[in-house]
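The following features are taken from TrEMBL:
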ACT_SITE  Cys504  active site, nucleophile
BINDING   Cys379, Cys380, Ala381, Pro382, Gly383, Gly384, Lys385, Asp403, Asp430, Asp447  S-adenosyl-L-methionine binding site
COMPBIAS  10-22  compositional bias 'Basic residues'
COMPBIAS  129-138  compositional bias 'Basic and acidic residues'
COMPBIAS  139-156  compositional bias 'Acidic residues'
COMPBIAS  157-168  compositional bias 'Basic and acidic residues'
COMPBIAS  605-615  compositional bias 'Basic and acidic residues'
DOMAIN    287-574  domain 'SAM-dependent MTase RsmB/NOP-type'
REGION    1-175  region 'Disordered'
REGION    595-636  region 'Disordered'
Amino acid sequence: MGRKLDPARKEKRGPGRKARKQRGAEVELARFLPPVEEQLSPQKEKHTVKATGQTARGRSGFSDGNSKWLALAEAKKTQPKGNHVELSSDGEVEEGSWKMEEDGSSEEMVDDYGASSSEEEELLPIEKAALKQKPDREDLSEDDSEEEDEEEEEAEEASKQKMGQKEEEGADLQLNLDIDEQFKLPTSEEIEKEDILFISPCASSLAIGDSLTMFPPAEPPDLHIIHQRIQGNVEVLQDFGVKREEGRSRQEYLALLRRDMAAYYSYSDFLLTKLMDIFPLPELINFLEANEVPRPVTIRTNTLKTRRRDLAQALINRGVNLDPLGKWSKTGLVIYDSTVPIGATPEYLAGHYMLQGASSLLPVMALAPQENEHILDMCCAPGGKTSYIAQLMKNTGMILANDSNAERLRSVVGNLHRLGVTNAVVSNCDGRQFPKVLGGFDRVLLDAPCSGTGVISKDPAVKTNKDEKDILRCAHLQKELILSAIDSVNAASETGGYIVYCTCSIMVEENEWVVDYALKKRNVRLVATGLDFGKEGFTRFKDRRFHPSLKSTRRFYPHTHNMDGFFIAKFKKFSNAIPLTQKAATPSAVPDTIITEPLPKKKKLEGSKADEEQKLPQAALKNKRSLQAQRRPLKA
């Protein structure tokens, strides 16, 4: 039930709270009106008499009655004891519920409606607390304003400094452009100064106890200057006819470039010469820069135990940031960062994935093994490719995992057990003797040992510890292995007859030369690898001309594909017969020590002496056996 309406009770109405608070007009008018006394109305006079004890009529003079009303009056509001606050129907405070008190000489002014002219009113407790905190906030706001002003000044100073730095950088860039445009070869004296050793050669003649303070070390070369010189040199070589310095040959520019790159990137002169023959100069700089950055960590999902989606979700829950490797791989994942070690998670120990580089997945994809086939992995350590083959074969058929290093086979056995591979046989044999050990395979994968010039980011020692002999030694071993791999394949296989040859090197001597050699020595042909990306192999290199089908081979570089340098070639064997060697087919760069023909039999000597000489060894053997038979009983 609601309240009952009392018709006899009439509630007074007056201006609302907001209307009483707004005092903009009277303040402005008070500035222009003269301060004169006011003729109060009888109602106002009663209020003033009660408050001050004197009447306004007794005052002298009469003037505008609104001037005093418009003037501000300082008053204090207090709630009388025993009274309670009553609200009108509009939610306003009743006039009779408040009592005005004056401080000293100030007067209380009330308008015609009985409302106080002061802006302060009775507030709730929470509003009173807010009013008490207002002066503190004002002080804080002043402090904050000062801090903001200081911050603004600092920001302006910082912006001015940045503008000055940008102008300086722009000037430096302009200077660099001018330097690049006016690139000149350094003189021989400047080169000799840079070639000075850190310690004087005279120091080597000193005794062990002598001091080297008299020979202070020379300052190291400025790498920033060398880098700028490399860039300027490359620009000149790209437009040599226009930008070259008069009287200077191209060989001088190339020699300086090779020397600067050797100092800046820490490569040997031999390896830089080889790389300059393979890559154009701008691409060579990108290749050298890419070798200074490690390749992203990638893993391969073991579909024998899990799916890639489930594995990715499990690793994400452990704090691993990952993404699919690419559209070309259905099992690869790339790891950006991780809060846990990737090689020690429960999923890794359970065999759900294998730490494997992205480039190591490509040879198995090119091999394309089928179920129930017999496959040979000639150089299998550490077992990543072998387990991937078993995964694609769904643990059917048979895989012979061979490696010539017995110590590396331990990791192969451990990985195969962890990943759940059950169709693999591990052997420790020399791959060059393998056709005699076992043959008739449907497919063979040969990841031949190489110089490692494609994985410099993993092994920086390759920059300086490889020379011409190492490259030729690797090429010779690779030629022997690829012939053995071809001989181990059965050309009459219904589903196979394929050989995949791959290396982690980018040297032409280890890749195209070896493949071209195999094409001449065996009845094989090159087929497409089935990989949609990668650069084509070389069909001509310097003064060499290779078979046109080498376009079907694939090269992968770190600066273009963001993976280790790799080379892949796929053969199809169409005959088990071994063709006769031809002198024109033998390569001249690497000596051929492989015997592909049976040795000619010795001619028999004519006459009775020849028969006696041929029979002598047999007679001597019989005499030796008879003497051994006679001595046995004596020993017993």
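Residue numbers in this text run from 1 along the chain shown.
From the backbone N, Cα and C atoms, a Cβ is placed for every residue, glycine too.
Remember, it's a predicted structure, so these values are computed and weren't measured experimentally.
Distance from the CA of Lys385 (S-adenosyl-L-methionine binding site) to the CA of Cys504 (active site, nucleophile) is 14 Å. For the S-adenosyl-L-methionine site, whose annotated binding residues are Cys379, Cys380, Ala381, Pro382, Gly383, Gly384, Lys385, Asp403, Asp430, Asp447, the maximal Cα to Cα separation is 20 Å. On the 0 to 100 pLDDT scale, the domain 'SAM-dependent MTase RsmB/NOP-type' (287-574) averages 94 in the predicted structure.
For the binding-site residues listed here (Cys379, Gly383), the lowest count of other CB atoms within 10 A around the CB belongs to Cys379.
Its Cβ taken as reference, Cys504 (active site, nucleophile) is surrounded by 23 other Cβ atoms within 10 Å in the chains shown. The Cβ neighbour count for Ala381 (S-adenosyl-L-methionine binding site), using a 10 Å radius and every protein chain shown, is 21.
The Cβ of Lys385 (S-adenosyl-L-methionine binding site) has 24 neighbouring Cβ atoms from other residues within 10 Å, across all protein chains displayed. Within 10 Å of the Cβ of Asp430 (S-adenosyl-L-methionine binding site) there are 13 other Cβ atoms, across all protein chains.
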